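Sharing a structure with you now.
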Amino acid sequence: MNWQQPWIIGNWKMNGRRSSTVAFAQAWAEQRLPENVSTGIAAPLPYLLDLKQAAPALPVGAQDVSRFDKDGAFTGETSAAMLADLGAQFVLLGHSERRQYFGENNETLSAKLDNALAAGLTPILCVGETLAQRQAAQEQAVVAEQLSVLRGKAMPHIAVAYEPVWAIGTGQVASAEQIAAMHAFIYAELLSFANKSANIRALYGGSVNAQNAQTILNLPNVDGALVGGASLQTDSFAAIVQAAAKQ
Ligand code: PEP
C-alpha cells in the first residue's frame, strides 16, 4: 500500500465462494486500472490464498486477527504471523460488526494491533458511532475513545476507516458535512499523538458506491474508502477505483 495515494479497500465480509473469488480475480486482472490508487481486498480467510494466487497484483488483507500472539491452544484462532505467512498485507480491526457481535473493545484491539504490527501487517482501525450516539451528539466522543487505542503504539503510519454504523449496508450515506467534520476531527486527534513523520490514511466507509464515490473522495481529509457491498462486483469496485484516481 502506498501511503501517498488514495486507498480503496474492499471488505467482502462473510460473502462468496471459491468460484466467485476466482471469477472476481480473473475479471479484475482484465480491468485497466489507474496506477495512482492503492487497492486491496479484505477477503474471507478461507479464500485469501485463492484470491492472491488468481490476482497476484491485488493486495489482500484479513478482516480480523487473533489477540493471541503465540502459536498454541487457541482453537479457531488465526494469528497475525499466519496471515503474514499467507501473504496478507493488511488487516481490518474493530469493524463495527465485530464490535457488535464479538464484543470487540479497546483491550482486545490493543493486543490485536500489537500482533498485527509485529507481524508486519498494516492495521486499518475502523471507528464510528451508532445512530443513537449521533442523535445524542456523542459521535466525536465515541470516535475519540475508539481512536485512543492507537495512543502510545509505535506505528510508523496510521490508517483508520470512519464508518458510521448507521451508514453501513443501509444505502444511507453520511452527508458531505458529516463526513468532512468527522474526518477533520480524526486528523486533529491523530496528529495530537502521532509521530510527526507518520502518514495518515483516513478512509470513509458506509454505502459507498460507483455513483457517490467521486463526491465523497473529493472531500477534505478523505484519503480513500472502505467499501462493503459494492466491492463484491468487479465493475462497481473498479468504478470506485477510477473515481479515486480523479481526486
Ligand atoms: C463495511 O462494512 O465496511 C461497509 C462499508 O459496508 P457497505 O459499503 O456495504 O456499507
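Along the chain as shown, residues are numbered 1 onward.
Cβ coordinates come from backbone N, Cα and C, glycine included.
Those TrEMBL annotations? Automatic predictions, nothing curated.
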Pick the one from Gly40, Gly169 that TrEMBL also lists for the substrate site with Asn11, Trp12, Lys13, Ser207, Gly228, Gly229.
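Among the candidates, TrEMBL records only Gly169 at this substrate site.
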Would you mind pulling the DSSP three-state label for Gly229 (substrate binding site)?
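Looking at the DSSP assignment, Gly229 (substrate binding site) belongs to a helix.
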If the criterion is a C-beta within less than 6 angstroms of any ligand 1 atom, which of the binding-site residues Asn11, Trp12, Gly228 pass it? List them in sequence order.
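Near the molecule: Asn11, Gly228.
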Secondary structure at Asn11 (substrate binding site) (DSSP, helix/strand/coil)?
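Reduced to three states, the DSSP call for Asn11 (substrate binding site) is strand.
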Return the residues near Ser207 (substrate binding site) by Cβ distance under 8 Å, restricted to its own chain and a separation of at least 6 in sequence.
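Ser207 (substrate binding site) has long-range Cβ partners Ala167, Ile168, Gly169, Thr170, Gly171, Gln172, Val173, Gly229.
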Cβ-Cβ under 8 Å from Lys13 (substrate binding site), same chain, 6 or more residues apart: which ones?
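Looking at Cβ-Cβ distances below 8 Å from Lys13 (substrate binding site), excluding near sequence neighbours, one finds Pro44, Gln63, Glu97, Gly228.
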